[in-house]
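Enquirer: Residues or ranges marked as (6S)-NADPHX binding site by TrEMBL: 58-62, 131-137, 160, 263, 326, 377, 441. What TrEMBL records for 59, 127, 163 is K(+) binding site. What TrEMBL records for 412, 413, 414, 415, 416, 440 is AMP binding site. The domain 'YjeF N-terminal' feature in TrEMBL is assigned to 9-218. Sequence annotations record features per position, and here TrEMBL assigns domain 'YjeF C-terminal' to 228-500.
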Ligand SMILES: NC(=O)C1=CN([C@@H]2O[C@H](COP(=O)(O)OP(=O)(O)OC[C@H]3O[C@@H](n4cnc5c(N)ncnc54)[C@H](O)[C@@H]3O)[C@@H](O)[C@H]2O)[C@@H](O)CC1
Ligand SMILES: Nc1ncnc2c1ncn2[C@@H]1O[C@H](COP(=O)(O)OP(=O)(O)O)[C@@H](O)[C@H]1O
Ligand SMILES: [K+]
């Protein structure tokens, strides 16, 4: 699913109005009806007090139209309008008049702090103050209103966007942004929903298809794409009947050191669990017994170094190299790392200490095969790219780095973003239970396994990130977030591939918790 900028969404609105020969007010009515239906499905006429706060632009117009539908269906609604400017949008004004026809009274105007209504914990708040049109931080009593609403313990629903939040530009820390429990967003999710500095303001969200011009939606180059279940289904490559293990590739994991042999077990184990035909773990000598007894399916090759890898002399022909988990940064490990990456001619998966070594020896970047995949968490990313001032600069720097070095970057987090040149793919599977030691090692093995099975590097990466998160979601249904551990996530890889093609009505659909 495409993520568009606020400006592109405004263009899509315009194109829709032109091509579908409807007025902007007809579109607003369509939007409001769709939101009302979603709310009505959930509340089912419940006599809860609902307070709708409307701005004076089109988001406010949406709010007034939603309020009108709710009042006509017997809901207990009080409507407030934030009287912050004389510049009211034409469609706001149409709906301002229309609601009066239903209530025989004007909505309550708020012009200062003293006007703020009392909010009880029983209330439901609907926030239609600002949407994608916001172009500066809220100040004065408008900022106070947002803080006031945030302090209340009641359930808050945002229309299109939590008010105060920008769709795709950075905020200052102190900006007033509504903290919604749920957001009904229109046509596409916004980039800010997925970023760590702002995503928490959105609560859970659902995207309402408001029927914006399909032609525009098809041709527009998005800011980023969210990997949907359908997209992941299309990426999957089923196995053929008359095949053998040689058809599914050979992964060589270069991982582990004394005290961190688990990283080698996790990455090699995940590569086997995700379908690599053969997996060999290249490890320090002392890790051999542990690895062989943990993973009987995996072959081993041992470095001369007893407690860390000190050398690399092996052939990498027809092998996918997955390098870095738990290797440490000893001098001879760094030289062995350099030997291996220089020798390899097909895309490499580089994780953890491998990324730190690259940051220390950036001259190696030019030796990496095109489309190699780096999977840094933010600590590792900072070593590579330096500090960033906000989430958007992080993405810009990652894009520049990816373009300059012809690499794919996997920016791990609650919504992992895969950056390939100027394209960005946002992952929507996974849960906070995956914030547990070793889950990144598992991801590196999954990416390598898909590469080995013949997926192209970008598809292997995006699909692996999706499946890794989906495995965590499925595992969490049995183990809860707290009980998740990396080996458990790895053991659910097969189940999550099955789940990808299961009818969503069947049990065991992963619970989305964004
Ligand atoms: N054609 C339509 O009727 C549609 C309406 N939609 C709604 O329209 C919204 C966008 O509407 P608008 O472009 O009118 O913008 P908003 O309703 O988000 O904002 C209204 C106006 O407030 C002013 N403003 C911006 N920042 C401010 C600040 N910090 N303090 C005070 N005033 C400020 C701006 O001049 C802006 O135009 C969407 O989020 C959505 O809710 C669309 O989603 C669908 C189509
Ligand atoms: N809150 C979260 N929600 C979803 N996924 C998460 C969350 N926290 C971590 N993850 C995922 O877990 C993995 C953690 O990787 P990493 O930090 O490298 O762990 P480790 O170094 O212990 O292996 C990443 O794939 C990341 O996207
Ligand atoms: K809003």
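The backbone N, Cα and C atoms fix where each Cβ goes, and this holds for glycine too.
Where the annotation comes from TrEMBL, it is an automatic prediction and has not been curated.
For the listed features, I'd like the structural context: burial, neighbours, distances.
Expert: Around the Cβ of residue 132 ((6S)-NADPHX binding site), the number of neighbouring Cβ atoms within 10 Å comes to 25. According to DSSP, residue 132 ((6S)-NADPHX binding site) is assigned to coil rather than to any helix or strand.
Listed in sequence order, 53, 63, 149, 156, 157, 158, 159, 162, 163, 178, 180 are the same-chain residues six or more apart from residue 127 (K(+) binding site) with CB atoms under 8 A from its CB.
Within 10 Å of the C-beta atom of residue 416 (AMP binding site) sit 26 other C-beta atoms, taking all shown protein chains into account.
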Enquirer: Which chain-mates of residue 413 (AMP binding site) that are at least 6 residues away have a CB under 8 A from its CB, listed by sequence?
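Expert: Set apart from residue 413 (AMP binding site) by at least 6 residues yet with Cβ under 8 Å, we have 196, 377, 378.
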Enquirer: Give the helix, strand or coil assignment DSSP yields for residue 58 ((6S)-NADPHX binding site).
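Expert: SS state of residue 58 ((6S)-NADPHX binding site) = helix.
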Enquirer: Suppose we screen the binding-site residues 61, 127, 135, 163 by Cβ distance to ligand 2 with a cut-off under 6 Å; which survive, in sequence order?
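Expert: List returned for ligand 2: none.
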Enquirer: In whole Å, note down how far the CA of residue 132 ((6S)-NADPHX binding site) lies from the CA of residue 415 (AMP binding site).
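Expert: About 22 Å separates the two Cα atoms.
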Enquirer: Those binding-site residues, 135, 412, 413, 415, 440: which ones have a Cβ sitting under 6 Å from ligand 1?
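Expert: Within range of ligand 1: 135.
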Enquirer: Near the Cβ of residue 135 ((6S)-NADPHX binding site), how many other Cβ atoms are there if near means within 10 Å?
Expert: 9
Enquirer: Cβ under 6 Å from ligand 3: which of the binding-site residues 132, 135, 412, 415, 416 qualify?
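Expert: Close enough to ligand 3 is none of the binding-site residues.
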